[in-house]
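In TrEMBL this protein carries:
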- Arg73, Glu139: substrate binding site (BINDING)
- Glu139, Asp166: Mg(2+) binding site (BINDING)
- 12-243: domain 'HpcH/HpaI aldolase/citrate lyase' (DOMAIN)
Amino acid sequence: MAATSRSLRSRRSCMAVPGSNPRFIEKAQGLPVDQVFLDLEDACAPLAKEGARHTIVDALNNGDWGDRIRVVRVNDWTTHWTYRDVVTVVEGAGANLDAIMLPKVQDAGQVKALDLLLTQIEKTVGLEVGRIGIEAQIENARGLVNVDEIAAASPRVETIIFGPADFMASINMKSLVVGEQPPGYDTGDAYHYILMRILMAARANDLQAIDGPYLQIKDVEGFRRVAGRSAALGFDGKWVLHPGQIDAANELYQPTQADYDHAEMILDAYDWCTSAEGGMKGAAMLGDEMIDEASRKMALVISAKGRAAGMRRTRKFEPPKG
Ligand code: GLV
Ligand code: MG
């Protein structure tokens, strides 16, 4: 699958579900999220990891996931769990899995190692080679410094994900409240550089940029405030840890209805004005608004996000009379 077709899928809300908890796994199948990831890493206790691999295989093969993107987060390469996580899950349920999430990625070699392992398993068990994607979590200073090469490390990479909790620990940020501004930092946004760095690497490689968790699960206003920042920059979605966060994520990471309608109108107006019927004009007009190639590109982005999220337009383009 080409990078562009991978990146067209909507990932507004990415639900984290502990792989060791069959009740939560069952419940996630009824939630209105774009993606579910079944976790073998930090939401899964060391002694529960082996059993969780099999719980996950069973859930992927027998669960009803609808059109949700199905992802499994394995343990990172500095542990001894990674290869068995990947082998057990992909051999057991590779046909029913969209991507592997690799946490704490530090350099391109770690992505390439996962790519090679996936390719061997796909060939061995007869799966389409290259279909399973990779989601790379940036969770420490080394990962961020190397994010460009990580994003370009394999055609399987679909998303670059900010992992704020581990990242805050990695850089010694003076706060325990994930995603919120550290006390004493009273100017700007302490996460701006990290978010922008990830976004640039993602966009330069046609990947999606995903924001990580907000741990105060009952504080939906706090979630909205923090999510609103990365959504405004252009991020494609955010993790959700609790059903109460889902509606906010789905709303914030898709265009507003007005913007979506406007984008579709711009595209129609541009097509019409540049057609023979519209006189093949270079500069198009939508009412009093002038549309050029750059505004068309902006409209294409909004329209693609809206369409991927299943939005429907509420305005119809009428060619100007006379
Ligand atoms: C997510 O994995 C995080 O560390 O924030
Ligand atoms: Mg983490």
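Quick reminder: no glycine exception, Cβ is built from N, Cα and C everywhere.
Features per TrEMBL, on structure.
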| residue | record | DSSP (3 states) |
| --- | --- | --- |
| Arg73 | substrate binding site | strand |
| Glu139 | substrate binding site | coil |
| Asp166 | Mg(2+) binding site | helix |
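Checking the binding-site residues Arg73, Glu139, Asp166 against ligand 1, the ones whose Cβ sits under 6 Å from it are Glu139, Asp166. For Arg73 (substrate binding site), the same-chain residues that are 6 or more apart in sequence and have a Cβ closer than 8 Å to its Cβ are Phe37, Leu38, Asp39, Leu40, Glu41, Ile100, Met101, Leu102, Pro103, Gln137. Contact annotation for binding-site residues (Arg73, Glu139, Asp166) versus ligand 2: Glu139, Asp166, each with CB under 6 Å from a ligand atom. Comparing local CB density within 10 A for the binding-site residues Glu139, Asp166, the maximum falls on Glu139. The two recorded residues, Asp166 (Mg(2+) binding site) and Glu139 (substrate binding site), show a Cα separation of 5 Å.
Mean model confidence for the domain 'HpcH/HpaI aldolase/citrate lyase' (12-243) is a pLDDT of 97.
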